[in-house]
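S.K.: One structure, as C-alpha cells, below. Some questions next.
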Amino acid sequence: MRTIFSIMTDAVAYGMVLFIISIGLSIMMGLMRVVNLAHGAFAMIGGYLASYAIRDLHVHYSVAILMAVIGTIIVSIPFEILLYRRIYRKSDPLIQVLMTIGITFFIIGIVNFIFGPSLKSIPLPQTLSGPLDIGFRMLPTHRIFVIACGVVTALALWLLIEKTEFGIKLRASVDHSGMADALGIRTEIIYAVTFALAIGLGAFGGVVGAEILPIEPFYALRYMVTFLVVVSVGGAGSILGALSASLLLGLADTTGKYLAPEFGDFFFYLSVIVIVFLFPHGLFGRSHA
Amino acid sequence: MSEIVVTHVPHKRSIPFGQEAVGALSIIALGAIGYFLYPDDLAFLTRLIGIAFLVLSLDLVTGYCGVATLGHAAQFGVGAYAAGIACVRGITDPVALLAVGVFAGTIMGLISGALITRFRGLPQLVLSIAVGQLVAALANKLSWLTGGSDGLSGITPGKVFGIFNFDMYSRTAFLFSLGVLVIVFVLLQRFVRSPFGLMCRGIKDDDLRARMIGVSIYPRLVVMYGVAGAVAGIGGALTAISTGVVGLDSVSFERSAEVLVMLVLGGAGHLWGALAGTVIFMIFEHIVAAANPFHWMTLVGLLLILIVVFAPRGLIEPVLSLASRFKRKGEAA
C-alpha cells in the first residue's frame, strides 16, 4: 500500500511536469504545425536562468520563476522573428526537424559556454522543501506544489482558450488560418503570442520540474523525445489529450522504474510504438489533412 | 525541397556505364589521396567510410523518398552488432561477416520501414525515434549478447580472401572498406535511376499524384527501406570489422541526428551529396570536436540553421548547377 501510494504521488508529479512543459509544444504544433524539437532547449534555458537567479542573485524562488519565464521569452524572440516564422504551417517536416535540431544544438552549446557544463540545482525555499502532513500520510511538499501547478496551468489554459476573445481567435486560426486571416484576425500576432506562451510554459515547467527532470547540459536532447512522445500520444493541440498522455506516460514510466528497472525504456518505447501506430493522430487529436 | 527536377531523362548515352565508371574512379582517386597523403589517419578514414554507408542509406529514404527519420542509426547498429556477435561466435571471414551485416540490416530495414512509412509528419517522426530508441534500449539491456554499456569487444576477423591480414595501421581495413564502397556506390547509382528508384522520387515529390496514377506507395517505401537497411548494415559490419568493437554509440540518437546533418549538409537526393556531406562533416568534427565538444555543438547548430535558411538543397547544388551549365555550353558550342 505504501509503495503504491508513493508510486502514485511520484507518477502524478512526474506526469504534471511533463504536462506543463509539453502543453506549450502541443499548442504550437496544433496551431503552427511546427515540430519544434527545440522546445526542451527553451525549458533548459529557463532552468539555467532560475538557477543563476537563486544561487548568484539570491532572489526568492517565486521571483526566480518569474525571471526565468520572462527571460526565456525574451531570449526566444529573435528565434521567432528570424527562424520560426519561416517554417510556420507550410514547410515539410524535414525542414522543420533540421532547423529545430539546429536550434537545439546551438542553444546547448551557447548555454554551456555561458553557464558551464555542470548539473545546475535550483534550491527550493523552506516552505517547499520539507514533508507535508495531509492527515493520514506525509508527502513531500514539492510534489504537491508541482501537482498544484499542473492543475492550475490546465485550468488557466482551458479558460484562456475556451472563454476569452484571444481563445476564439486562436481556435479560428487553428481551424482555418487563411479564412481567419481574411476575416481580419491578425494571425501573425496570434502566432507570435502563442509562441511566447508556449515558450513561457516550457520555461515554467523546466524550473518547477527541476527536482524531477534535473537541469543538466544535455537536458534538451535527453527529454526531447519524451516531450514529443507526449504530444504525439495526446494529439497535437488538445489540452485534455496532453494531460491524459502525460499522466499515462508518467504512470507507465514511474511504475516501470519501480517494478522492472531493467527494462523500463524498452517497455516505454514499445508502448509508444503501439499507441502511435494504432492512433496516429493521438488519443484526443484530430487529423489535419 | 519538393521542386527538385529530375534531370536525367534518358538522353543519348555516349559511353555505356559512363557515369558509373566516373563515380568509381573518383572514389578510388579520393581514396588514393587519403591513403598516400594521410597514412597515419587511416583508422579515422576507415571510420569515415563506415559512416558514409549510413549516410548513403539515409539518403535513400530521406533524399529519395522524403521520409523524415531520426532513428536511422538502428539499421547501422543492428548490422554492426550482428557482424560483431557472429565474429565473436566463430565466423571470422570478413566477407561472410559483411553478408551477416547485410542480412541483419535488411531485416531491420524492412521492420522499421513497415512501421515508419505508414504515416507522414509527426507520427512518422515519433515512430522513427521510438524504433531507434527501442533498438538502443535492447542493445543496452541484452548485455549477455551485446556487452551492454561496456560495448562488444574481442572482434578479431580473419584474413580478407584468406590473404590480407588486418594490420594495426588499418591499411587492409581501409582498402577493404574502400573497395566495398566503390561496389556499393556503383550499384546504388544504377539503382536510383532504375524505374523503381525514379518512382520513389515521384512519390517523394507528390505522393497524391503517384497514388492517382495507380502506384501503391506503402510497399514501395518498405522495399526501399529494406535496401537502405542493407546499405546501412554493410556500413555497420565494416565498422565492426575494422574497429574491433561495437559500442552503444552506434545505435544512439545522436548518431541518427548527426547523419541527418551530414546528409543535408552535402545535399539530400544526391548520392554525391551524401558522400560530400560525410567527408566535410567528419573531417571538421575530427578537428574541432577534439578541441571543445560544446563549441562543436554550437557550430553544428549554426551550420544547420544556415543551411536550412540559405542552401536547403545542400552544398552539392551549386556544384551541380555549375556542371549542368558547363554541359549546356558545351552542347551549344
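Glycine residues also receive a Cβ, built from the backbone N, Cα and C atoms like all the rest.
Per TrEMBL, transmembrane segment is recorded for B:21-38, B:44-61, B:73-91, B:97-116, B:173-192, B:221-248, B:260-284, B:296-316.
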S.K.: So if I exclude everything within five residues of the ends of the transmembrane segment (B:260-284), which remaining residues of that chain have a CB under 8 angstroms from its CBs? That is, six or more out.
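M.R.: Distal contacts: 1, 4, 23, 27, 30, 44, 47-48, 51-52, 55-56, 58-59, 62-64, 69-70, 72, 185, 188-189, 192, 201, 299-300, 303-304, 307-308, 313-317, 320.
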S.K.: Quick one: do the transmembrane segment (B:97-116) and the transmembrane segment (B:221-248) have at least 3 Cβ pairs under 8 Å, skipping pairs fewer than 6 apart in sequence?
M.R.: yes
S.K.: Could you tell me whether the transmembrane segment (B:296-316) and the transmembrane segment (B:44-61) are in contact, taking contact to mean 3+ Cβ pairs under 8 Å with a sequence separation of 6 or more?
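M.R.: They do not touch: fewer than three Cβ pairs between the two stretches lie under 8 Å.
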S.K.: Please give the sequence-distant neighbours of the transmembrane segment (B:296-316): residues at least 6 beyond its ends with Cβ less than 8 Å from one of its Cβ atoms.
M.R.: 1, 4, 261, 263-270, 272-273, 276-277, 280, 284-285, 288-289
